[in-house]
Each structure stands twice: as structure tokens, then as C-alpha cells.
Amino acid sequence: MTTALTLLAPDTWQIRPGDYALQGTVMIPGDKSISHRALMLGALAAGQTEIRGLLLGDDPRSTAACFQALGATISELNSDCVVIQGIGNLQEAADVLDAGNSGTTLRLMLGILASQPGKFYAVTGDSSLRGRPMKRVVQPLQSMGATIWGRGQGNFAPLAVQGQTLQAIHYHSPIASAQVKSCLLLAGLHTPGITTITEPALSRDHSERMLKAFGATLEVDPELCQVSITGPGQLQGQQVTVPGDISSAAFWLVAAAITPGSELFLPNVGVNPTRTGVLEVLEAMGANITQENMRIVTGEPVADLRVSSSPLQATVIEGKILPRLIDEVPILAVAAAFAQGTTVIRDAAELRVKESDRLQAIATQLGRMGVKVTELPDGLEIIGGEVLQGAEVDSWGDHRMAMSLAIAGLQAKGTTTIQRGAAATVSYPNFTESLEAVLQSP
Ligand SMILES: O=C(O)C1=C[C@@H](OP(=O)(O)O)[C@@H](O)[C@H](O)C1
Ligand SMILES: C=C(OP(=O)(O)O)C(=O)O
């Protein structure tokens, strides 16, 4: 077997396309959103929490380090069983809390910190995170009475937080964001009264499911996209089993769909309906995907996925499905490049404030590979079906871009070199090993 992937340097990936297919089983690493929440709720809960299947990526590691600094006892991170002894009353941390590259860590943690009376905290992140907007959580927290300082009137980390007892509010969020919703739910957990959040479309509901499982008093109305929490509440430690991350499975779904002769089995993937937009879009494009053995694990729907290659057709992705596939747009853009016809993605302006400006990153990097991509203010237009050319591309330090470009390179003509591929470890620590393991010569 000729291997298609070479690490020129730990951070530089080279993909040489060849006459191979993708075959076998890929064990998908733990869901990143659920991993963050399990660590945070475990840290806040009375007693012991055990987490099985935790994602060992850089982002959950940032969360674990922050909550250790706040006084929780967290065993060494591993995917078998992480044990947390929670601390209801968080301490002040001796140093600045560093969320690294993780928007989820910083935004959810702000809700927790702002509602710790009498405590002072400083929080920051890497250069990408310091450029991402925090006003979306800072402003509603301020209307609950929170005291938060930072550049751009509290929009950018580093931020300083003076914790206090907040007032419950009903917040109508202008964006469908699970990070905004979860931040306010976590603030509401420590706030007397009923804190309600209404969003314009339903975002992922992992916080709601897990807060309920840990004993919080929550009322959820998915029709109204509304959730209320009654505070103050005391969480109790639980056993959490984290399913595989559908956002990580998406790379294999597209890789197998576009590579002739491929069939992959992806056991144990989370299929929470607030996350399965990617399955619906790929199926509408003609992908061959089956869901087997559907079950509920720690309150979350889980299934085994099977995918095999098939021709893809262009589609339109817009409206309320966007929050249900927001992190899959880069890899869906790759699918679109291999689909017959013109795919249009709209209502995706949120992608401009992720780890990179993903609309610009996709347009420029797939453009280098010869894909005809037009960047729209809130989306992309992608003319698919032409042969991609291997090229020198860059992940822009964005994990989802690194892996999407690697999958695009598999079916390009000529070698693709991806700079800053190591960004993948943010959400997928052994992506390159898994890719090598499933590449089979016919
Ligand atoms: O709550 C979460 O775990 C996440 C919510 C989404 O962000 P937004 O809330 O900004 O849409 C998503 O893009 C991110 O990867 C994880
Ligand atoms: C946007 C992402 O994560 P976060 O906002 O937590 O950095 C992502 O994982 O694609």
C-alpha cells in the first residue's frame, strides 16, 4: 500500500492522491460540545462525576485546565474514565484563565464566572480567540447586572470579570448560538429566579439535556426555541458517556462519498437532531448514508453510521438548518466541489467569526485548488464537478479547515501541501492516523 499522507513536518501535511479507496471502521473521537459541558458541570456539581469517552483534543484540555485552576479536582484526562470532584463554590484562580483556541470554553465559562459573588477573574485565549466577539455574551450578562471589562467595550479577551449575584432576565438572542444560550443558562443556574433565553432558530441543546441530567430545574420549549432555568440550583455529580462527534464524523462521510469504491463504518456517533443537518444535506446531495442501532446514551441519541461512495449533486443550504450544521460548512463545501452543479450556501455569516473567517478561508484555499468559489456576504457559491488541482494551501490555523483541505486533496490531481495541519488537534487529535488506517489500495 502506498501511503497518501506524509507529515513533511509535524505541522505540514502532504496528500498525494492515488488509486485507493477508503475502507474499514473509524472510531470517532468524543463530541467536543458534550465534552466541554461534562467537564464544566462536573466541576460545578456536588460529589463525583465520571466521564467516559471524553474528547482529548486541545479545546476540552483548555476547559479542564481552567476548571482545575478554579478549584475542581480533575483526574488525568483519558478517554476511558475521567473523574471529577466538583466544587460548588468556585475559587478565584491564581492566574489568568486561558481558554486557548476554544470559543465554547470562554463563552460558557463567562456565564459561570460572572455569577460567582465577590470573586474576581481574568480570562484570555490564543490570538484567534482574542479576535472573536464576546459582546454576544457580555452584553446579556451585563443586562443581568454583570461587571465585565475588556477591549472594544467588553467585546474582546482578555476580559476581567467581577463576579456578583445577578438578576434573572428573559433574553431574546438575535443569533441562534448554543454558546450564548449555554452561557446564560449557566449564569441563570446561580441566579435567583427564572432566566429565559429565546433564540431565532434552535441551536444545539446539549446544555439543556445535561443540565437536566445533573438536576437543574429547566423548562424547554423547542417549538418556541425557548429555555428557562430556575436558580439558584445545585447540581449533583453524574456518570456521562460522550458519543462520537458528528462534526468529526462529517470528514469521513464526505471522504467516503467522493472516493469511488469506498465504504466506511462509523460506530457510536451522536445524532442529536440539533446536530444532524449534515446528514440531511449529504443525503439530499445523493450520499449513501445509513443510521443503524439507534439508542439513547446519557440522554443523547446515538447511532452507528455507514457510508459508501456515490455521485453527488449540488444543493442549496440556507435558513434554519444552518445552526444544525454550522461547523460542517467547510467539509460540505468540499462535498459541493465534487458535486455536479452549483451549490449555494446562505445565512452563514456566523462562519466569519469562528476560529478563522471560514467563508474567506474556504473561498481562497479551495480556489487555490482550482474550485470556482464565489464568496457571498453570508455564504458561498461553489461550482462543482471539475477536477481539483493539488496545491499549496493553508489551514489558517483552523482545525476544521485543515481536515477539510486534506479530504479535498485526496481526490485532487497532484500533490496538496497543507500548512498548519496540526490545528486539527483542537477537535481531532489522531486524524492523520485514522486517515492512513482507512486508505486502501484496490
Ligand atoms: O456550544 C457549542 O458547543 C458550540 C456552538 C457553536 O457555536 P455558536 O454557539 O457560536 O454557534 C459551534 O460552532 C461550536 O463549535 C460549538
Ligand atoms: C467553532 C468551533 O468551536 P469554538 O467556537 O468552541 O472555538 C468549532 O469547533 O468549529
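Every residue, even glycine, has its Cβ placed from backbone N, Cα and C.
Of the listed candidates (ARG61, ARG209, ARG358, ARG368), TrEMBL assigns ARG358 to the same phosphoenolpyruvate site as LYS32, GLY103, ARG132, GLN179, ARG400. Candidate binding-site residues: SER33, ARG132, ARG400. Those with a Cβ under 6 Å from ligand 1, in sequence order, are SER33.
Secondary structure at LYS354 (3-phosphoshikimate binding site), taken from DSSP and collapsed to helix, strand or coil, is coil.
A separation of roughly 13 Å, to the nearest angstrom, links the Cα atoms of LYS32 (3-phosphoshikimate binding site) and ARG400 (phosphoenolpyruvate binding site). Ranking the binding-site residues ARG37, ARG132 by the number of CB atoms within 10 A of their own CB puts ARG37 at the top. Most buried of the binding-site residues SER33, SER177, GLN179, judged by other Cβ atoms within 10 Å, is SER33.
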